[in-house]
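Marked as Mg(2+) 4 binding site by TrEMBL: B:22, B:66. Summarising the annotation, TrEMBL assigns Mg(2+) 3 binding site to B:22, B:66, B:194. The Mg(2+) 1 binding site annotation in TrEMBL covers B:38, B:114. Sequence annotations record features per position, and here TrEMBL assigns Mg(2+) 2 binding site to B:38, B:66. Here TrEMBL flags B:45, B:242, B:295 as substrate binding site. Residues or ranges marked as ATP binding site by TrEMBL: B:113, B:114, B:140, B:196. According to TrEMBL, the Mg(2+) 5 binding site annotation covers B:197. What TrEMBL records for B:20-129 is domain 'PurM-like N-terminal'.
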């Protein structure tokens with residue numbers, strides 16, 4: 001249901017870059033700016049009992065990750081906080097303090113919003129305003145056949161508790177990397193997206209938005225988070241989601257690291273044929289064939 | 001609880017005009033813009049079963065009312081839609097279509113956002129971006145002793161069904177009036193706010209933000225919605241809330257109408273003494289004394 005209504009909604013945009021990219025690009029008062037909004041909902045995006053600092057971090061950082069994917073700089077946040085009935089005053093204050101602290105630290109202070117109590121799960125809907133700051137935003141729709149595909153960091157296992165670090169709550173958005181990519185013309189990707197739903201879902205968005213291209217992913221090149229590495233690590237890397245890493249489509253070779261963050265070439269864009277996965281022994285699978293092998297999306 | 005946490009949150013702002021006014025004023029890319037966010041929540045801001053067009057109208061228009069109170073022009077909206085479990089696909093599509101239509105008609109097209117399903121009441125959190133468009137935004141904090149107080153339209157009875165018109169769902173935000181007030185220096189109010197919680201709650205916000213001023217409201221001057229007029233109509237006018245009319249504090253006399261909307265002088269700002277209500281027979285009550293007479297806030 002969501003897909004159908006979301007598509008219909010998104011087709012309605014009348015702006016330079018509308019819904020469908022990581023952020024919308026609009027013009028107000030002669031300036032271009034980028035806006036996006038994503039909520040975090042108790043029971044959907046975080047478990048009841050999650051520390052307020054982690055809830056706040058995820059609420060702010062998943063929006064900053066969208067700015068990173070456009071090469072833009074987060075500037076301000078506006079928040080609607082809906083507190084569940086079980087949220088007492090101390091918890092509410094901790095959450096709101098944490099939201100302010102996180103937003104301040106991310107360079108996008110909370111400048112307004114609303115706080116309500118409702119008969120539902122605690123929800124924080126954050127709108128982020130970001131600044132292209134002189135650089136053309138990188139869209140997801142400009143990938144070209146022949147591009148190499150790169151990702152930042154490692155993929156998979158975002159829900160695993162690694163001695164207290166749980167990536168989907170504790171990640172750092174790749175804002176500095178995104179910015180470095182647009183500030184140096186030799187590094188600028190043709191297309192970029194942040195990996196929120198997993199490579200297997202997010203890469204097709206790039207291919208589709210870029211006019212129906214295909215791609216080949218070399219499974220043995222995927223940088224897999226150590227805690228889920230192993231024989232089937234690639235399944236986790238393409239399907240777990242919530243990596244909040246950057247996926248980029250580039251015509252030029254990229255360095256091994258940018259701003260201290262590892263970049264890995266994981267495959268290439270081809271003219272057509274959809275998304276295919278290549279194994280180390282030369283076999284090639286579509287996603288449907290992978291599903292036939294028992295693979296399922298992590299979400 | 002909400003008041004305490006909201007105050008604490010709002011004290012954290014580091015922007016030209018931060019949380020606490022109707023909209024925050026921020027600078028991005030050399031341009032000034034205004035942002036605000038307010039949700040509408042099923043069971044809080046609208047009853048279950050309310051037509052999606054009315055839900056959408058309220059969600060968009062209550063934010064536009066904030067822009068009106070600053071004298072700014074709505075330009076774009078970003079929406080987080082959380083659908084309750086009882087919301088089927090048809091209802092979801094109607095709601096999203098209505099949100100787009102309403103936002104388009106209000107001049108602030110929906111440029112992005114997110115749609116989720118959650119285990120709670122259907123909620124639409126709208127962030128509005130508005131443009132000062134060359135006019136200094138009117139703040140709530142610049143009222144002066146000696147100012148006259150005016151309101152647009154009529155007050156009270158916003159929840160009453162008047163042959164199918166229910167003001168709190170069906171109102172038109174006073175954007176054109178707000179704009180007319182800032183485009184003519186002779187009309188510009190010193191301070192302005194939109195009446196969302198009722199005069200008895202919203203006027204003290206102006207007085208407090210303006211350095212602790214007082215005010216006298218002449219009860220027999222209050223423009224009361226006809227359906228609740230009568231002996232106690234003034235109680236409804238000051239307490240019902242959800243009027244979404246503009247309250248302004250002006251040093252110069254105002255015309256009887258602006259853009260076809262009635263303006264009524266309802267009292268004046270004084271140096272101190274808090275908010276007092278004057279009756280036609282010369283008696284003067286504080287809000288506490290009114291409460292002692294059996295009066296209660298409508299919300």
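Cβ atoms are placed via backbone N, Cα and C, with glycine included.
TrEMBL: automatically predicted annotations, no manual curation.
Annotated features, which come from TrEMBL, shown on the structure.
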{"residue": "B:22", "record": "Mg(2+) 4 binding site", "Cβ neighbours (10 Å)": "28"}
{"residue": "B:45", "record": "substrate binding site", "Cβ neighbours (10 Å)": "22"}
{"residue": "B:66", "record": "Mg(2+) 4 binding site", "Cβ neighbours (10 Å)": "28"}
{"residue": "B:113", "record": "ATP binding site", "Cβ neighbours (10 Å)": "28"}
{"residue": "B:114", "record": "Mg(2+) 1 binding site", "Cβ neighbours (10 Å)": "21"}
{"residue": "B:140", "record": "ATP binding site", "Cβ neighbours (10 Å)": "27"}
{"residue": "B:194", "record": "Mg(2+) 3 binding site", "Cβ neighbours (10 Å)": "25"}
{"residue": "B:196", "record": "ATP binding site", "Cβ neighbours (10 Å)": "21"}
{"residue": "B:197", "record": "Mg(2+) 5 binding site", "Cβ neighbours (10 Å)": "18"}
{"residue": "B:242", "record": "substrate binding site", "Cβ neighbours (10 Å)": "23"}
Residues from B:22, B:38, B:113, B:114, B:140 facing chain A - binding-site residues, CB under 8 A: B:38, B:113, B:114
Binding residues B:113, B:114, B:140, B:196 (ATP) - maximum C-alpha distance in whole Å: 32
Residues satisfying Cβ distance under 8 Å from residue B:38 (Mg(2+) 1 binding site), sequence separation of at least 6: B:62, B:63, B:66, B:125, B:126
Residue distribution over DSSP helix, strand and coil in the domain 'PurM-like N-terminal' (B:20-129): 36 helix, 45 strand, 29 coil
Residue among binding-site residues B:45, B:113, B:140 with Cα closest to the Cα of residue B:22 (Mg(2+) 4 binding site): B:140
Residue pair residue B:196 (ATP binding site), residue B:242 (substrate binding site) - Cα distance, angstrom, rounded: 4
Cα distance (Å, whole number) from residue B:194 (Mg(2+) 3 binding site) to residue B:242 (substrate binding site): 9
Distance from residue B:45 (substrate binding site) back to residue B:114 (Mg(2+) 1 binding site), taken between C-alpha atoms, in Å: 20
Integer Å distance between the CA atoms belonging to the residue listed as 'Mg(2+) 5 binding site' and residue B:113 (ATP binding site): 27
Additional residues around Mg(2+) 3, ordered along the sequence, whose Cβ is within 8 Å of the centroid of B:22, B:66, B:194: B:23, B:36, B:65, B:67, B:68, B:69, B:70, B:193, B:196
